[in-house]
Every structure is written in structure tokens, then in C-alpha cells.
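Noted in TrEMBL for the protein shown:
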COMPBIAS  431-450  compositional bias 'Low complexity'
COMPBIAS  540-562  compositional bias 'Polar residues'
DOMAIN    3-107  domain 'Replication protein A 70 kDa DNA-binding subunit B/D first OB fold'
DOMAIN    136-220  domain 'Replication protein A OB'
DOMAIN    296-414  domain 'Replication factor A C-terminal'
REGION    431-574  region 'Disordered'
């Protein structure tokens, strides 16, 4: 059967069949390396020594994890070819393979014997300092093991539990040394007893692949977690120089016991208070508790026109700026970066609403997916992808502290430091009612306030059914409030009985006058009075109407205008 070589694969190639050896296999179980497999990663090679990265997604782990073993040769078809990942690449290449529900894996009858056993790309020890924080590619190194420490528990960060670690010291052919720290299961699985004897003390050459270069307190070191693999005394051309150099030389491996724990007094973290958002907003930023406060809120909405991710410098963590070659951090003059979450949203707990912001791993816990995976789902003309928009209505208990921008503006913004509890999606988002301090105080001399109060009393007297409204407090001195106060009519014009009767006459049909001529309808007396006024208006001009005072009466003038209009309409009808 004719197989397709790995370089000949391209995206959307659905009918290719490959025959490859699985040179590496590891399970990614998250940052702590103790959960269920999120995906299984493979490095495969064809008989021409071409290599490619392959991934078994989480939903397919149960179908292929036990079937595929490291070092074996398989015939694979009905898979998906996609673009390669931009970060954490074990091998170079523009494409990768993903297993699907239709993928078939079988063992070939007579495979070629030219499949490579190791896949690697060595990096010299002197180049390691320039790769600190680089997460685009994994690093492969080769050296002699000269020191091994025992397993000890170390807590990487405050937000992560303690994990087992083991430190190794490697030495290259020129005598340079590099520290390698193994984490999690890699630390407990490492053992050289099968290849090293204390009496003979022969050099043990180790090929370590899938590492990253990091820095801690100014010291650079190699870090090996789930993707890290090692091979003792590998049969590769680069190792032959080590075998010839140390063939007759004793190279003892030092054993280092972990440092004894120091007897220190336990320091209890400060007790964090639980506050409502209304209380947090009222706290002065300079008086905010340094340990933060707890609050239980629901994400009400996302803040628009703000990017939900940013390029973060791998050395200092600051935001990188665009550069012709990609992004660059001007703080440390570094062009290596990684994408991180930056979620800005408005949270509510029923007492108030407040803007909150979170970064990195906290954002990933809220979204539930790595940022690179979400970035691949972004569509054109879409402000927020579905995974980001889906965090609305989620309820959490956060530990928050005041954000830096709150020190420069009056608007309060809070930084999410940690997630205490998650309650899932809520059916309704709590609405923050207007606080009493934001309402306008009643002033008996304020016409607008008096008018509002009288209308409230009248509505209660008429037993008007309540109307649901949104409580949004209007700030003092806003343009809307000033216009309402300036354009408010005088109270004596609005609340006089004549004004009420004028409104009723405007809404009454004149044809009812003949139908109710013989009835004792209570409106009859008012219409008789109106008719008399209309007759006066016909015989005498409005300017000669008698007045009680030298100043014109606005109420009577409005009544005369209304009756004139009514009379003219009645004459037209006749």
C-alpha cells in the first residue's frame, strides 16, 4: 500500500493514509498534573524521518489512549489535518493531526525498518539564557548526569498546591552545567538505578526532550513537566562524542538529600471580610484592606470595546506592543510573549454594580478553555466569541482588591485575585436598585419636587396599579434634571380645578350634549357653564372680557382659548 508522507499532508486532506512510528506520547492533565487527561499528545515519524505533532482530543482519549503505545508503528487514516499550534510545539511544522470519531488505527503487516526511534532538536547549553520564557517550542538537550536530588514538595505559586519536584545537574561536553527540575509525575518516575552502578561509576548520558527554559530569582533552569521525556545512553550520533570522552573515566552521580524543613511559626493569612458591592464601592482606595475582600457576584455583562486577550511578556508579564516582527516588550526589550486572558466585565449582587477585571489563569478558570483554543474560534465582525460571551450570568465568590485605575478616577474598579467558589449559571441576574443617597432630596420650595410629590399622592388616591420601572438614579446636576426643573410649569396652573375641567372638555364629544339634554348627568352643569362662556365669546372680543385684576389671569385666558376652539368646531359641525 502506498502511504502519504507527512510533509505532503495539508489542511482538509480527508483521504490520506499514513504509516508512522509513535516516538513520544504523553498525557496533559492540567497545570497541577493530577487531573483527568485533557488531551493526549503524540510525536510521530514516517520512514523518511519526517516528524509531525498529533493530538488525541479529550473526547477521544478513551478510544485511543490504550490502543496507541509509544515506540510502536501504526497505520492511521480518516484523521483531520489542521494548522499547527503557535505555542508549545514539540517539533517544527506548519500542520498537525487530530484524531476524530472516524479515525482508524491498525498495525501494518510489513512496515519498513527505517523508522527513527528518537525525534529531537538539540540546543546548546550556552544558548539557554537567550530562551528564558520562550514557550513557542520545547527545548531538547543532551548531557551527562552529575547530580540528582531526592523528591521534595514545592509550591510553585500561591494559587497552586504543592507538587513533587526533583532537581538534576547536567554537564555538556565542554563542561558547562545546567539545572533541570522535574515536576509532578516526572519527578517521581525518574530513576537511574537500572543504568548506573556506584562501584563502576560509568557516565550516564541523558537525552531530555520537551523542556522549557525558565528563571527563578535570577537563576535560569530547565523545567520538565508532562511533555518531558528522557532516554539514557541513546544511540544517536551526538552522543558518540560523550561515549568516547568518558569511556574510561569515572563520573560519579552525587545524591543530594532535600533540605530539612525549617521550624518556623505558622503565619495565618489575614481574615478576609465578606462585603457587598455597595460597601466595597464606598471604601476609599487608600483604605481598602491589603488582603482584599470577598464578594459573591454574578457577571452581568461584558464591557465592550476592550480586548479579552493581550500579548504578555514571558519575562516580566507586562503587555507587549505591536512590532514589525510581532510584539515586543519595551520594559525588558524582549520579543517573546504568550497570549493571556484579560476579562473586563460588570458584576452585580443586587446592591450595586461594579467593574471587575481578571487576567491569566483566573480568566481561564472562568472561561474553562485555554486562551489559544478560544482565539482559534474567533469569527470576523464578532466582538466576543461564544466562549467569552458565555460567562455572562455565571456566579462566583471572588477575592478582590481595588484596581490601580481607581486611584486616579472616581469610578471604582476591582481586580479579581482568586476564585473562592463557583455556583454555575444563574437564571436571572440581580438588578441593583438605586441607593437612597443617589436620590434627589425633597425640598418643599422646589416646584419639581412638589409636583412629583403631589402626583404621587394623587396616584395613590386613584388606586393606580403599580408600574414596573427600572431603578436608575439620575445624577445631580445632570442636563436632564436641569431641563425638567427649568421647563416645569407653575404649580397653580397645573393643579387648579379649571385646568382639570379644561382637560375633560377637550376629551369630551360635543354630540353627547343633545343625547343628555333631559338627564341629570353630573357633567351637565359644567357644559351649561361652558355654553354660557361660549355665547359671551361670540358677542364680545376676548380683549374686552371682564377681569378681576389688572394683570391677566392665565387660567381664564386658557379657558377662553379652549372655549373659542370648541365653539368654532361646533359651528363647523352644524
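From the backbone N, Cα and C atoms, a Cβ is placed for every residue, glycine too.
If you average pLDDT over the domain 'Replication factor A C-terminal' (296-414) in this model, you get 89. DSSP assignment over the domain 'Replication protein A OB' (136-220) gives 5 helix, 45 strand, 35 coil.
Helix, strand and coil residue tallies for the domain 'Replication factor A C-terminal' (296-414), in that order: 21 helix, 51 strand, 47 coil [DSSP].
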